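Q: Questions regarding the structure given below will be posed in turn.
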Amino acid sequence: MVFKTIWIERYRKLINLFRALASCHGSNLDVEKPVVFKEDAASFGQTVVQFGGSRLVVGAPLEAVAVNQTGQLYDCAPATGVCQPILLHIPLEAVNMSLGLSLVADTNNSQLLACGPTAQRACAKNMYAKGSCLLLGSSLQFIQAIPATMPECPGQEMDIAFLIDGSGSIDQSDFTQMKDFVKALMGQLASTSTSFSLMQYSNILKTHFTFTEFKSSLSPQSLVDAIVQLQGLTYTASGIQKVVKELFHSKNGARKSAKKILIVITDGQKFRDPLEYRHVIPEAEKAGIIRYAIGVGDAFREPTALQELNTIGSAPSQDHVFKVGNFVALRSIQRQIQEKIFAIEGTESRSSSSFQHEMSQEGFSSALSMDGPVLGAVGSFSWSGGAFLYPSNMRSTFINMSQENEDMRDAYLGYSTALAFWKGVHSLILGAPRHQHTGKVVIFTQESRHWRPKSEVRGTQIGSYFGASLCSVDMDRDGSTDLVLIGVPHYYEHTRGGQVSVCPMPGVRSRWHCGTTLHGEQGHPWGRFGAALTVLGDVNGDSLADVAIGAPGEEENRGAVYIFHGASRQDIAPSPSQRVTGSQLFLRLQYFGQSLSGGQDLTQDGLVDLAVGAQGHVLLLRSLPLLKVGISIRFAPSEVAKTVYQCWGRTPTVLEAGEATVCLTVRKGSPDLLGDVQSSVRYDLALDPGRLISRAIFDETKNCTLTRRKTLGLGDHCETMKLLLPDCVEDAVTPIILRLNLSLAGDSAPSRNLRPVLAVGSQDHVTASFPFEKNCKQELLCEGNLGVSFNFSGLQVLEVGSSPELTVTVTVWNEGEDSYGTLIKFYYPAELSYRRVTRAQQPHPYPLRLACEAEPTGQESLRSSSCSINHPIFREGAKATFMITFDVSYKAFLGDRLLLRASASSENNKPETSKTAFQLELPVKYTVYTVISRQEDSTKHFNFSSSHGERQKEAEHRYRVNNLSPLTLAISVNFWVPILLNGVAVWDVTLRSPAQGVSCVSQREPPQHSDLLTQIQGRSVLDCAIADCLHLRCDIPSLGTLDELDFILKGNLSFGWISQTLQKKVLLLSEAEITFNTSVYSQLPGQEAFLRAQVSTMLEEYVVYEPVFLMVFSSVGGLLLLALITVALYKLGFFKRQYKEMLDLPSADPDPAGQADSNHETPPHLTS
């Protein structure tokens, strides 16, 4: 229990905190102390209406007041919080009317209309719901019922044909009894909508009167009296066929829309009839004829006779077949037949019409127009719906789309009702939420005393109930309707349910369309937002009407109410200004927001109130008083003096900048009866808000912020505070900003408990500027004198490709007065891009502040960058040096010279001079990376012999040229090849070059040295130093990136010249070199060696010997060597046999057993 008490207390504190925060943010309804009305009556709060400026009328339509009487109205007094039931004279015929299901008051509070659309009336066995309303006066006294009386029971059109048996089996007296029965039944069923006809049958079929003759007869009873019995056989089936084909025909007065009823009276089975029932009865069924069969006498005790009687009557037989013992007993079944026939009234058949107004439920919605009460009749014409207008003469006018409009079937037109006055024309607006399952709203106007549809707008989502609620709004209170709110409470989205469409009134010839759509809070898919709508009045002081919208299904049916402010004459603000929930007021409140009524001052405080219905409760929420606050700030002096903020070069001290005076003017934002209103005001002051470091501070707080809390009444309230400068000011161009943010927490007014809030248009923040005095001879105009120059930081040539950056050293100076917004702009080719800026390592009397950025120029070939210098002020006599660096693309093409321009400007608007513009050019080269290399498949070695007369062989030297640079360039490839040595041919060479675009020329060049033997000693190399050479030059005008070209030096290499060198081995050397325009290109640094290449071929001479002499000499030598070896071996005893002697010698090794084997035998092949 203690825990529960603590939890409730915390909950209350949390609610109060939320209420205080809501008040600070401009809520317009008081939720702290609402006026609460509570009754135990069933459905109390289902409807509510403000009436007479001092009372609430609340409906409880399900309250059982008495037998056959439901619905009660309550008169609730806001001053006491007490409700009293209103005693009314309810018409006796208004059975169970659900009084109060709709409530509406007229605009001048002189009349109130309370309706009960379920008022019932019994007609035979049918219950019709016609509806009924009560018109009440200004004192809630009964004036009249509308309609004045309940309408008579509807008369169903019926064509009733009698087929009576006139055969000879019936006595004359019984035949007379049968005629009396027919006359009595005609009397009971007679009405303006019922017609009769009669045919007698035996074996003769005779029509006594048709429907036409019956209608034209002045005495219908005499038509029956004149009938004479035919006598004869019984042709019952033939009689039925004749009735179907002839009597129920339009030529005899039968009506297509009428129900067709046939009453057959017979005393027995058919006899000798040529027709069978199986041929006749289907024809009657097809014609939609309801058949009643009456059997008279004992004949029908037989099963076959009874079966025939059941065949004549319609199914089921228990409802359509009657048996009596004699003709006198016919009277006993008159009432039964009458009830059976009356029971079919109001039902539909294939040939009958639908309901008209029997189930109209008049008063489902209602309005009080200039012409009289308007009652929505949703059930008229099979729930197509419409509305009844009851003028003073009480001759009602039914307003609908069309009685035969199938498109309106089950549309529920009249489910909601609203009035509009637009362009001098009174209009009626009706909602049809079930039209085509999506709903629509129709505007009706009166033309030539007929109400006709003028404009309509349709819903989009099936089942959304578009048009379930309507509210016409006069936004500017000029008496003319500006827009209509259309509730769509069952519109479904994943996170919220219901919406309201804001639809401005249509033009004369334009279509009606809706603009803004209002939604409730996310998280309530079954919220039914838009179930109730009302005009609240102007609660925020902007002279535009505000509206309240109920969402009774939010928060698990606890409910909520939203307040939306008017945005313009034709629109509502899309976001709510306040949301009041049922749980915020009472923990157990249910369906809060199911009904709404606003626009009147019921609490007599001069402010409009909002009545909100809930289940068993009605709450009156008062609007809060409005205050408008004006704010002004002024400074003294009007500028910060130069002597205060210019302190460079001296020790900084805190100096007084001036004073700021803040004035608040508090006045009422709307008229009320609350007298003087106190308000708790808090305002926060901030100096230089948004700056990292503020240039000024408050003397009181020694920082840049100051907060004040005061309780103020109506009038002017001022305060002055001192401002200080804590440091030297760099930015003396932009004024010091003082911003004030104000919040209002109004104190409760005496005896009213209402806290004022800020009205729309009140100042809750203001910004003021405190400028600096300018350092100028002429006030407001400074004469700066800027100059700019730069150099390329010692760079002589820009080599594109090897120099990725270009650094420019810039000097800027000001020889005049302070320069404001000093800007240096650089213009350079588009191939360069701004990289960074760096301060020079030089002392400055003022801190140097640089900020550079690239800027568009609008030209593809030109780029620009700008640098602000000491923004905002470049002081008098100041000088700044800095380096700006640009990225140079390795693919850049800048021509042969780079042009860089710079200009200095400021906000002083001084014209450009020769010092403010500077330009400089820098030579440009392009770094390339070209390679020439030898190929491995060149001829590397030749062996030759002079004695055999070898004079020449074919040799190849192969070279490959590659362009590894990103540029396409023009180059030349040079080859040097030895071709003569002292007049002797060396190499008859030709050059095979790539075919496309390569042209080659050649020339002969003499040797560099003439002393052949001296130069070749130790080198053994034949090159252009000692031989005549062929110089080949191939020009390549365009060598693309990554292109490669192959060159082949090929020809017959002679050997006759080698003898001049006195060498056995000589290295033949060719050379190649790449050349290009060095004023445009330069080889990549460190890669110069790849511009040259050599290919060598080793030439080696060998001696050839005679083979015969060699063979003879080798043979003789071999034989002599063999003889010498043989003699030597002989002398050494190699050819003597010593084995036998070895056997004869005693064994050197004794027998291991100590004695020789006596039985040992010498092998036979070793004996002598």
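Positions of Cβ are set from backbone N, Cα and C atoms, glycine also.
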Q: Which range, 128-132, 798-802, 1038-1042, 1133-1137, does Swiss-Prot list as motif 'GFFKR motif'?
A: 1133-1137
Q: Looking at Swiss-Prot, which of CYS782, CYS852 bridges to CYS867 via a disulfide?
A: CYS852
Q: Do you know which of the binding-site residues ASP601, ASP605, ASP609 has the most other C-beta atoms within 10 angstroms of its C-beta?
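A: Ranked by Cβ atoms within 10 Å, first place goes to ASP609.
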Q: Please give the average pLDDT for the repeat 'FG-GAP 2' (86-145) in this predicted model.
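A: In the predicted model, the repeat 'FG-GAP 2' (86-145) has a mean pLDDT of 88.
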Q: Please count the residues of the repeat 'FG-GAP 3' (348-399) that DSSP assigns to helix (H, G, I), strand (E, B) and coil.
A: 4 helix, 22 strand, 26 coil
